[in-house]
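Heads up, the thing below is written out as structure tokens.
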Amino acid sequence: MKNFLESLIENNRQYVEHGKLASYIPELEKANKEDLGIYIVTLDGKEVGAGEYDKKFTIQSISKVITLMLAILDNGKDRVFSRVGVEPTGDSFNSIVSLERKPSKKPFNPMVNSGAILTTSLIEGDSEEEKFERILEFTRKVTGNDDIQLNEDVYLSEKETGDRNRALAYFMKSNGVIEGNIDDILDLYFKQCSLEVNAKDLARFGAMLANDGVLPWNGERVISREICRIIKTIMVTCGMYDDSGKFAVHIGIPAKSGVGGGIMAAVPRRMGIGIFGPSLDDKGNSIAGTHVMKDLSEELDLSIF
């Protein structure tokens with residue numbers, strides 16, 4: 001398997017040249033565009049990686065899956081989905097247009113920025129610090145890594161350049177869609193996106209989802225089978241931004257990407273996959289990472305469809 005993964009990485013490394021580093025968060029531009037790595041955790045206990053799988057990067061939008069799970073655990077699925085929809089959108093992940101044209105004014109789904117900000121606002125805690133600590137601890141639990149920390153530089157960079165997210169949040173506030181102190185909610189959102197992970201962490205997270213909400217390494221149930229099914233369904237329809245339909249057709253695996261270059265994927269009852277490749281396509285997904293996923297899916301027949 002290791003030789004197979006190494007060949008996948010080398011065969012697809014050429015695609016990094018066709019992408020760009022995320023530029024709207026200055027700190028993310030410091031990444032090495034050439035990096036590409038993959039890690040796989042199978043449900044029968046095998047772990048194998050190739051390329052830059054142990055290199056740290058920020059989780060970015062993959063954190064939206066974590067906060068969605070936490071919000072559902074805190075509030076129940078009915079309350080969460082009364083506030084945010086589950087419909088895919090053809091607009092970009094930070095679009096304001098989609099909020100304006102929707103009669104209910106609630107965000108389309110929890111994987112676009114507006115929906116994720118609203119989801120974060122539903123997480124319980126007596127203070128912003130307590131809420132962040134809960135997100136951090138939950139992230140450590142689902143990745144099996146107690147050493148995950150906040151990248152302070154990326155957090156400050158996000159905070160400094162997050163005007164589009166502020167616009168989304170205040171637009172929702174003006175329509176009565178979101179409650180609470182907007183500055184505190186956004187600060188929490190910027191922090192959750194700035195947690196440092198590697199491809200191995202993402203693969204272990206994916207393995208938990210592939211295992212119907214149970215951590216494969218210790219048998220602990222983190223979320224119910226039903227919540228896990230909902231999460232994976234939303235990942236299929238909305239997880240790869242406005243490229244989700246194409247990804248479902250050609251690759252067919254529940255996955256979530258982030259502009260830090262990560263892809264977290266879950267092949268039900270088989271494996272979790274973590275990818276790192278910070279060179280992005282025009283949708284904000286890892287360009288070489290997506291090619292790796294396509295080859296992996298075809299070679300191992302991983303599509304759920």
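Yeah, the Cβs are placed from backbone N, Cα and C, and that goes for glycine too.
Taken from Swiss-Prot, the feature substrate binding site applies to Ser61, Asn113, Glu158, Asn165, Tyr189, Tyr241, Val259. The number of other Cβ atoms within 10 Å of the Cβ belonging to Asn113 (substrate binding site), over all protein chains shown, comes to 22. DSSP classifies Asn113 (substrate binding site) as helix under the three-state reduction.
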Rounded to a whole number, what is the top Cα to Cα distance in Å among the residues the record ties to substrate, namely Ser61, Asn113, Glu158, Asn165, Tyr189, Tyr241, Val259?
19
Under DSSP, is Asn165 (substrate binding site) part of a helix or a strand, or is it coil?
helix
Please report the number of other Cβ atoms within 10 Å of the Cβ of Val259 (substrate binding site).
23
